[in-house]
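Novice: Pulled these from TrEMBL:
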type: DNA_BIND; residues: A:16-55; note: DNA-binding region
type: BINDING; residues: A:G90, A:V91, A:G92, A:H93, A:L94, A:G95; note: NAD(+) binding site
type: DOMAIN; residues: A:79-180; note: domain 'CoA-binding'
There are 2 protein chains.
Amino acid sequence: MKSYKIPEATIARLSVYSRYLSKVEQQGLELISSGEIAEGSGVSPAHVRKDLAYFGEFGTRGVGYNVKELHRHILKILGLDLKWKVVIVGVGHLGTALAMYRGFRDRKFEIVSLFDVDESKFGKVYEGIEVKPFNDLEKIIKEENVDIGIITTPTSSAQSVADIFVNSGIKAILNFAPCVLNVPYNIELRNVDLAVNLEVLTFNIASKQKK
Amino acid sequence: MKSYKIPEATIARLSVYSRYLSKVEQQGLELISSGEIAEGSGVSPAHVRKDLAYFGEFGTRGVGYNVKELHRHILKILGLDLKWKVVIVGVGHLGTALAMYRGFRDRKFEIVSLFDVDESKFGKVYEGIEVKPFNDLEKIIKEENVDIGIITTPTSSAQSVADIFVNSGIKAILNFAPCVLNVPYNIELRNVDLAVNLEVLTFNIASKQKK
């Protein structure tokens, strides 16, 4: 399975499909068509067919896909047959929102701790996750064998947080600070720029108006 | 300019480049190479070249791109030569984080108001933006001619918020609630699923381990 050659947009949509499959599997549905997956996950039928084609024959023409098999297969592709430990650094509104985000805990993500430099936040607990002193970050990542670090600090601190992540053996970084981070090539880095989402919308509106 | 045929991934990256161009333009830089744009915005040089190729010849071989021209052109493509009015419904941690997000105010987005059903939040002000009663949503969208609505409510309320957006004449919706919304085809809808970002990372880590 050369899954590492799959385009990132497909991976992102697989993640969306799998959430819908999880829901219908819980409801006891056994078979599903690509059209139903498309409708239920808000993706175009053409995209669904194209994406699922990466994984060979999982469905039967005219019958549909076996929900359980397809769901399990997608989870495995996404690496969600494994458990992942996560830390969040920066306990502002965004860090708190992520800690409490149901989408993380519904999957295989275990948020080990939140970290901040602000003493007044130490010991606070969000959905069972405690805020710990930033100084303990490296120690806890190593002790707990944390896989993924999320950065929700101000831009000025983001690189130094990334450096600690790298030195402590973290495998991947999700960065919400609006800046470019330098990390070694073997670290998976993903930057999330929330303004991009708005700008894809304005592009679409503006394009329609120009037509 | 058939800009509406540009792939969404390119649009998202243009948004990232434009933030970097804005920075270097402020620093007084006049010419820039695609390699410098790549490094400064954390995107691969191959992607930068491919993306900029959509817009014909904006650079001179061996000399680079005129920063000001390229920046202005990208902003225009993204529709950011226009002003956009935005409302946010749902004043939880995420709604608050978005209201205070610098990336929005640095661009052309004017967040008109925040809305919530919780009376105890009415009148609170975040970075100059007031929380107003949810019941006033439709009235204010119409009065202020709001373009874009952001949903950060719980899933159970998301569709009813979207319905009000549609009835009030909003053009585009950015949905952070983890559910599929039904809106007419002429409304631009973008779902942001924060868990997708983590799952692209786990996919990448898992793929490397399987190699």
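Every residue, even glycine, has its Cβ placed from backbone N, Cα and C.
Note: TrEMBL annotation is automatic and uncurated.
Please go over these features one by one and say how buried each is and what sits next to it.
Specialist: Within the chain, the DNA-binding region (A:16-55) has long-range Cβ neighbours (under 8 A, six or more residues past its boundaries) at 3, 6, 10, 63-68, 70-71, 73-75, 77-78, 80, 103, 106.
Sequence-distant contacts of A:H93 (NAD(+) binding site), defined as residues of its own chain at least six apart whose C-beta falls under 8 angstroms from its C-beta, are absent.
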Novice: Restricting to the same chain and to sequence separations of six or more, state which residues have a Cβ under 8 Å from that of A:L94 (NAD(+) binding site).
Specialist: A:T152, A:F176
Novice: Across all chains shown, how many C-beta atoms besides its own are within 10 angstroms of the C-beta of A:G90 (NAD(+) binding site)?
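Specialist: Step by step: centre on the Cβ of A:G90 (NAD(+) binding site), count other Cβ atoms within 10 Å, giving 25.
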Novice: Count the other Cβ atoms sitting within 10 Å of the Cβ of A:G95 (NAD(+) binding site), across every protein chain shown.
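Specialist: The answer is 25 other Cβ atoms.
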